[in-house]
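A.B. asks: For reference, TrEMBL lists these features for the protein:
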DOMAIN    B:11-141  domain 'Exoribonuclease phosphorolytic'
BINDING   B:R87, B:G125, B:T126, B:R127  phosphate binding site
DOMAIN    B:161-225  domain 'Exoribonuclease phosphorolytic'
There are 6 protein chains.
Amino acid sequence: MNRPSKRTPEEMRPVSLERGVAKHAEGSCLIKFGDTHVLCTASLEERVPPWLRGQNRGWVTAEYGMLPRATHDRMRRESSAGKQSGRTQEIQRLIGRSLRAVVDLGALGERQITVDCDVIQADGGTRTASITGAWVALHDCLKWMEARDMVKTDKVLKDHIAAISCGIYEGTPVADLDYAEDSSADTDANFVMTGKGGIVEIQGTAEGEPFSEEELGQLMGLAKQSISKLVELQKLTVL
Amino acid sequence: MNRPSKRTPEEMRPVSLERGVAKHAEGSCLIKFGDTHVLCTASLEERVPPWLRGQNRGWVTAEYGMLPRATHDRMRRESSAGKQSGRTQEIQRLIGRSLRAVVDLGALGERQITVDCDVIQADGGTRTASITGAWVALHDCLKWMEARDMVKTDKVLKDHIAAISCGIYEGTPVADLDYAEDSSADTDANFVMTGKGGIVEIQGTAEGEPFSEEELGQLMGLAKQSISKLVELQKLTVL
Amino acid sequence: MNRPSKRTPEEMRPVSLERGVAKHAEGSCLIKFGDTHVLCTASLEERVPPWLRGQNRGWVTAEYGMLPRATHDRMRRESSAGKQSGRTQEIQRLIGRSLRAVVDLGALGERQITVDCDVIQADGGTRTASITGAWVALHDCLKWMEARDMVKTDKVLKDHIAAISCGIYEGTPVADLDYAEDSSADTDANFVMTGKGGIVEIQGTAEGEPFSEEELGQLMGLAKQSISKLVELQKLTVL
Amino acid sequence: MNRPSKRTPEEMRPVSLERGVAKHAEGSCLIKFGDTHVLCTASLEERVPPWLRGQNRGWVTAEYGMLPRATHDRMRRESSAGKQSGRTQEIQRLIGRSLRAVVDLGALGERQITVDCDVIQADGGTRTASITGAWVALHDCLKWMEARDMVKTDKVLKDHIAAISCGIYEGTPVADLDYAEDSSADTDANFVMTGKGGIVEIQGTAEGEPFSEEELGQLMGLAKQSISKLVELQKLTVL
Amino acid sequence: MNRPSKRTPEEMRPVSLERGVAKHAEGSCLIKFGDTHVLCTASLEERVPPWLRGQNRGWVTAEYGMLPRATHDRMRRESSAGKQSGRTQEIQRLIGRSLRAVVDLGALGERQITVDCDVIQADGGTRTASITGAWVALHDCLKWMEARDMVKTDKVLKDHIAAISCGIYEGTPVADLDYAEDSSADTDANFVMTGKGGIVEIQGTAEGEPFSEEELGQLMGLAKQSISKLVELQKLTVL
Amino acid sequence: MNRPSKRTPEEMRPVSLERGVAKHAEGSCLIKFGDTHVLCTASLEERVPPWLRGQNRGWVTAEYGMLPRATHDRMRRESSAGKQSGRTQEIQRLIGRSLRAVVDLGALGERQITVDCDVIQADGGTRTASITGAWVALHDCLKWMEARDMVKTDKVLKDHIAAISCGIYEGTPVADLDYAEDSSADTDANFVMTGKGGIVEIQGTAEGEPFSEEELGQLMGLAKQSISKLVELQKLTVL
């Protein structure tokens, strides 16, 4: 098996996390997975959604977008189409759920943090890169709040969260699919895991042939290894 | 552990599949998983989406809806809200992908089959019931076409497809969550599998604590067992 | 004159009213006029529309929908089209007005009852079947409230309300048009009347040739007769 | 009984029809029923709706709108609300049906005429004024076409069409309700009739108490009388 | 140079301002610039937009619309298209800004005046006619309020505001472009000025060749002259 | 007068133009005016809008967007709001018109180039920065086409185009307003000019007091000087 990227099966693309890239946001991170670049910004608001009012708890949510020419062919701008696609909504729901899995909403107080993940350039794996970068933006937003005596970061943020997509490419399980690999992979699975190794989300889809339980296990193995590295990188980044 | 439903961990709710329930549709099935009732209808159209024209292949897609009072509290009608929710879109994309995993689109010819899954009454597990019932509606639509010499059913439909939701309830892995169980389960996972036992989709979400690889394996075991029974039921139904 | 349905001019299709068909709703009725099947559910909410607040009166409203394959050819789902058609809005306004004609909104208290009429299968006369079935759902919702000492049913519900469509088919006035008859009728008129025989709504439309006052009188005669039978059926149903 | 307008029961408001008021339109008419002013313009297009293509028949349709301050209180602009209300759609469907009742669509050829009825000022009876004025705009559009040898006006336009609203005000049947009368009338009925006296549409609604067949007959009598005068006025106008 | 309208370069079309044309509005004006006719109505509301609440200041805003057949070819109704075009929004923002430039919002009190400018017939220059007519409607609305001791008109309305479009037609600067001239002009510039001659808005666009600073000066000269006449006309009108 | 930015009246912020920043686009430029950062990408499509088909001419258009947290307070995402604001539409129309002023659409052939201007970070002057950066993206797209023998760049692109915003801050005309200056400026004017010094667009708005012709002249002087520098920078960038 030869990956188009020449990477070994377990090799991720070069990953970088750059903090503090947005002048106005309370927390921000530009994450790059090779040619996939996502700008994550965390915005604090002193209000919660109507259904949560008066419960002394906060909320963390996410929105996801893509610049029209982030992709190989230009895509129609969703604001001009008048609605977000099903794909966009599916992804932003996933990011929000993933972040909330490591947040103590009670410790946040009656406030909302919205993490916007905007894909500046896309080359596969935008949703998993978004989750991994969003954690850093969220962390820095909490640090900003801590500096103003609003919260204790480590009371609110219980653990790390990071994500990777793995797949079966020409019969071989491989980590971190880029666009070329994703397009022709038989199976594509996204894993979201905590710093302690707990699984928060798993989404596996057979694109061609169904996959077996054994193959799922192999993908899980690659995912654990990759996510463990991403969590290390997060730790170094926010040191 | 006591399930609110008094069922044993591996016990599904009573499941029934009723064919031919819609006068106008080419294929139809009313599926009941206990108090969850979904009407599935398959509609044949002699056209394909624009992006597929001229390729001598067909398309199978799904739409999902819920009657406003299918649920405990009345929900706003999506047609009056002016758009489908993210949840609705996520579910109908899942149903469509699942069906296409067992269809040979080339053998279908340049035609589209739309399977509508409308939840008449909801008590948990509507998406997995939809997939299981949709297979029957799709099968009967193909039989209708076969009777008119349009296709061979067994050329188009390569296998069975069925789905079940399993979860961890008060620490114990259980099959076929109803609404009461789903609301307080720690983990909820949907499995879509073929008649031959291949995995087509897996979607696991930790609602509270993250889950472990071992727990995922236990849920998978329950799912295999349940889906195997559902496939048997499909076979008896279309006999 | 030979009706396609072989019925005599004044003969209605077999009508059935089934109560309590929806697990969650405060009142519900599945009404069948031959192959036209409408599920009516009544939902109680402890709030009124903004323009009615603080007036110590309630509100009764209706919404109408059709499953995509309720009809001979599949229709586009209104939630996916992003709006309700003019026809849908016209019908749900009619159902709401008809129900309110027999309700004492002051006796209801500051609450809203929404009756959803969802067409599961269509074969003509869906709007008149909806009104007739909605009365039963509304009645049962009030009984549910009465059991909780919220209202007296017979204070709120002043009379029965039922509806029928009549038309001129090949020159002869006939009652209860089905789809085949409706499509080729010259005139189509919907009548909504109370149990005491008062007219609440009349909507007559010449599809081909204009009709005369005399013909209107004949249609009215058929309508009276039919509605009187439907009211009897409602009485037996809620006994 | 004293009508707020001091008119006798059968007395209409002063009615005027002014032709040729729109520089660009193929036909136009400003109709005034007292303080109700509606601008009707007919626009010819050399195309028909997609579902009518290739059938060698034309189409006549109508659209209805109201300036935001045509009414006592300013209403939200429908273009800014993002959709037409149910009431607007109901009215424009009625106007279109009424016009088509006197048009031979085959004689029109594969063309569409759209009659826009825009309420400049409202004081009750806007839908019936729209129908009455729309006939003149449509007539003049056909004359414009006849001058260009496209059609024969009297082949396409088979008869006159006019409309009036009658109601029961403080127990007495009266013709041509203005806003003040309409607001407190027990029953409101719109009649659309041809020059020959045939009924094309009748829409009667009990606002308070149900009405009887006898009252409907009285309203019909007033309507016939009024519409006969309106048809005379149309004849004089297009002389 | 021969203008299609035979006017001299500095000659405006005949302009008329008719007050009190709308029965329900607090202020109204029908302005005609030749064949361009705009109905302006001012509506008073005892509320301000949410972002202005509690600041003891008022708001003046404008909305703009066009009847579908105001133009040579029928345009799609924006309410049916489901949104206002970019052009519509651009124009109504301009009208609102222009009016606010001469209003003391503090002296207005916590109230909103909405000026609707609806183009009944279009022949070029609709936005500048709207501004000029809107001032009269606004003035009369304030007079209506003054008669009820709500405000002093001359405290709220600090100056006149009027507007004209000038352009370069076949190389010559001309005032008040009509549609035929606008379509083939090289440059089109809209000027909004106060009674004292201050500039409030200037919008110049090169349609073909870029224009020079000198040409801009010539257009400004024509605009000053025209606007000065329009302000005189406003003064005579509200005398 | 002390500008908050400490700049002299005629001093622009540091400006940088970075080419080739988007992997997929045919041309791209990241322009920075101090803290205002706009990513401009040019996308080529081998089709033109329907109204231009078959005329052997091309089209250049622009779309504008802002990331939700590009601004001091997070703004609602337009795709989630379901429409583009009036401001967005106004700006993208301006960018498109400005670019087309220096393009020979006939020489482009039947193709469309869409330039997307997405504001990554905002600090005033986003529309003028967009125009200036869009020219570079458009230029590079044409070079890309030239390398494939599709066009000659200098046949299509007739001149440079650049833009600047100037204003009157505390009585003094100043160039290149940043957000803090813009918010409290009396007058804000945007100038779009060609490399040869022709004016393509001028948009001046009095925020507080009206401005005089003399002040407009001073702003124009500053604009000429600034735009001349920007054009020099464009030349060096694409060298």
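Cβ coordinates are placed from backbone N, Cα and C, and glycine is handled just like the others.
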A.B. asks: DSSP on B:T126 (phosphate binding site), three-state: which is it?
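C.D. replies: Reduced to three states, the DSSP call for B:T126 (phosphate binding site) is helix.
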A.B. asks: For B:R127 (phosphate binding site), just count the other CB atoms lying within 10 A of its CB, please.
C.D. replies: 23
A.B. asks: Tell me the residue counts in helix, strand and coil for the domain 'Exoribonuclease phosphorolytic' (B:161-225), as DSSP assigns them.
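C.D. replies: Secondary-structure breakdown of the domain 'Exoribonuclease phosphorolytic' (B:161-225): 19 helix, 30 strand, 16 coil.
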A.B. asks: Out of B:R87, B:G125, B:T126, which of these binding-site residues shows the lowest number of other CB atoms within 10 Å of its CB?
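C.D. replies: Candidates: the binding-site residues B:R87, B:G125, B:T126. Fewest Cβ atoms within 10 Å: B:R87.
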A.B. asks: Could you break down the residues of the domain 'Exoribonuclease phosphorolytic' (B:11-141) into DSSP helix, strand and coil, giving a count for each?
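C.D. replies: Taking each residue of the domain 'Exoribonuclease phosphorolytic' (B:11-141) in turn, the totals are 42 helix, 41 strand, 48 coil.
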A.B. asks: Give the sequence-ordered set of same-chain residues, not counting B:R87, B:G125, B:T126, B:R127, with Cβ within 8 Å of the centre of the Cβ atoms defining the phosphate site.
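C.D. replies: Sorted by sequence, the hits are B:Y64, B:I91, B:V119, B:A122, B:G124, B:T128, B:A129, B:S130.
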